Structures are given as structure tokens and as C-alpha cells.
Amino acid sequence: MTTAAILTAAGSGSRLGHALPKALVPVLGEPVVVHAARRLLAARPGGAPLAALVVSAPADHVDAFRALLGPDVVVVPGGPTRQASVAASLAALPDDGIDVVLVHDAARPFAPADLIERVAAAVRAGHDAVVPGLAVTDTIKRVGAGDDGWPVEATVARGELRAVQTPQGFARATLERAHAAAEQDAGDESVAASDDAGLVERLGLPVWVVPGDERAAKITTPRDLAVAVLLATDTKDL
Ligand SMILES: Nc1ccn([C@@H]2O[C@H](COP(=O)(O)OP(=O)(O)OP(=O)(O)O)[C@@H](O)[C@H]2O)c(=O)n1
Ligand SMILES: C[C@](O)(CO)[C@H](O)COP(=O)(O)O
């Protein structure tokens, strides 16, 4: 089997509040997207390097991304939602016998190689959709909508919950089918899927969870950027 990866990096990073798009924000002197791409390219899913890497960029930064990532990485303009950006990258994926696709967020730039390889291995073992997940450590409450607060409706059994990360791995045909079936939602953030496995779930197909890794934490807020500096140091040799 042959594995390729899609790296989503076209978001603006509004919650981060930086002057640059989030993927171009430096961590220890290098842009987030460079850290993320380097770790994907260093992984050996199935014992071989990725056959291709397609990165989505903000439309007005495509040339800057190409200069940063070099000629072996395909850069495409992203769309208005994460789902649309993945769909654009999927359309640009070469044929080349690629039958396993990893979808990863540049916003999780320090995912270690063993996590990447674990997800790909589960797809190669026969699971057509695989996500890495971490057990939830807080008590989780489901709340209603009140005028001046949020009344608790239930305490959710947290043993059943997983906080899901990327990379997520798919049989290519399953990922293409899932995106094609949800194409009408891709332009609207209020209905677009927040992850690719969610699109597979909408088809009624199974999604398999493998252990996640705290080092694959997502940079969303300014605090996360401070933590990212620690993760960059922690994973610099991975
Ligand atoms: N239209 C979009 C929106 C998001 N993403 C990517 O999807 C990942 C997860 O998105 P998120 O963390 O929400 O990034 P932003 O959309 O940039 O952040 P925010 O919601 O704070 O604006 C990121 O790697 C981001 O670049 C993308 O490729 N295209
Ligand atoms: C795909 C993802 O990283 C899995 O946890 C997450 O859903 C992205 O969410 P965001 O709101 O677009 O950051």
C-alpha cells in the first residue's frame, strides 16, 4: 500500500490573533507549517516515506508556502472551511497508486513520527477510517441554553469519550466518497464537518480509534503558542 498526506494550513488563526496566518507564525524561528511538514516527511508509514504531500495555503500566501516548502510539496489554495481545504487538497493528490491518505492539521505541528505511523498502520491493517484519541480528564457536563447561564442537563460518562486529534488516516476511496457526499456543506462553516472522520460517520461507516499523543496538541489560542515552544523542544529529534 502507498501512503500520502494532506496538510491543512489555509486557516487564518482568528482565535490566535496574530498578524500572520497561523501556519506562518514562527515557533523557535520557523513557521508552524514548516515544523508540521518536516515531521510528516520524516515519518515512514509502512516503512517508506510519504509518496506525496499536498498542503493547503491561504489563497494570498500560496507563493510564500511554495518557497518555504520546496518543489517536492504540492501547495494548493485552501477554501473557506477546513472541509473545503481538505477537498481541494484531495483533488490535487496524484494518482500514483496512492491508496492510504493521512489528513493532518498544520495547527498540530509537533505530532511525532510514531503517532503518524500508528495511524497509517491501522489503516493498512484494514480500518478504512482511523483517528488518534486521548481519554478526557475533566468531568464533562452537557448543558442547555439559558438566558443568563447554562443549566446542566447531564454529566456525560467520560470513559466513553475521546478527544480526537490528527493525523486522521483513511483508505483513499473512503475519504473521497465521504467528501463527495458532503460537498454541498463545504462552503458553510455552520454545517461543514470539523474533522474528516465526521464525514465518514455521516456515511454510516465505522471509524477506529488508536491512542493519541499529547505532543500532537493543537495551537488555537495564544497560550497554546507558548506550549508549542515546549513541544518543539520536546520533539526536535523526532
Ligand atoms: N478554511 C480553512 C480553515 C482551517 N484550515 C486548517 O484547519 C486546521 C484546523 O483549523 P483551526 O485550528 O480552526 O485553524 P483556523 O481556522 O486558522 O483558526 P481559527 O478558527 O481560530 O480562525 C488548521 O491547520 C487550519 O489551517 C484550513 O486549512 N482551511
Ligand atoms: C480536526 C481537528 O483537529 C480534530 O480535533 C479539529 O476538529 C479541528 O477543529 P478546529 O476548530 O478547526 O480547530
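Every residue gets a Cβ built from N, Cα and C, even glycine.
Keep in mind that what you see is a predicted model, and the values were worked out from it rather than measured.
As given in TrEMBL:
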type : residues : note
SITE : ARG15    : site 'Transition state stabilizer'
SITE : LYS22    : site 'Transition state stabilizer'
SITE : ARG158   : site 'Positions MEP for the nucleophilic attack'
SITE : LYS218   : site 'Positions MEP for the nucleophilic attack'
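The CA atom of LYS22 (site 'Transition state stabilizer') is located 9 Å away from the CA atom of ARG15 (site 'Transition state stabilizer'). Summary for the recorded sites ARG15, LYS22, ARG158, LYS218: the Cβ-based neighbour count within 10 Å is maximal at LYS22. Rounded to a whole value, the Cα-Cα separation of ARG15 (site 'Transition state stabilizer') and LYS218 (site 'Positions MEP for the nucleophilic attack') is 12 Å.
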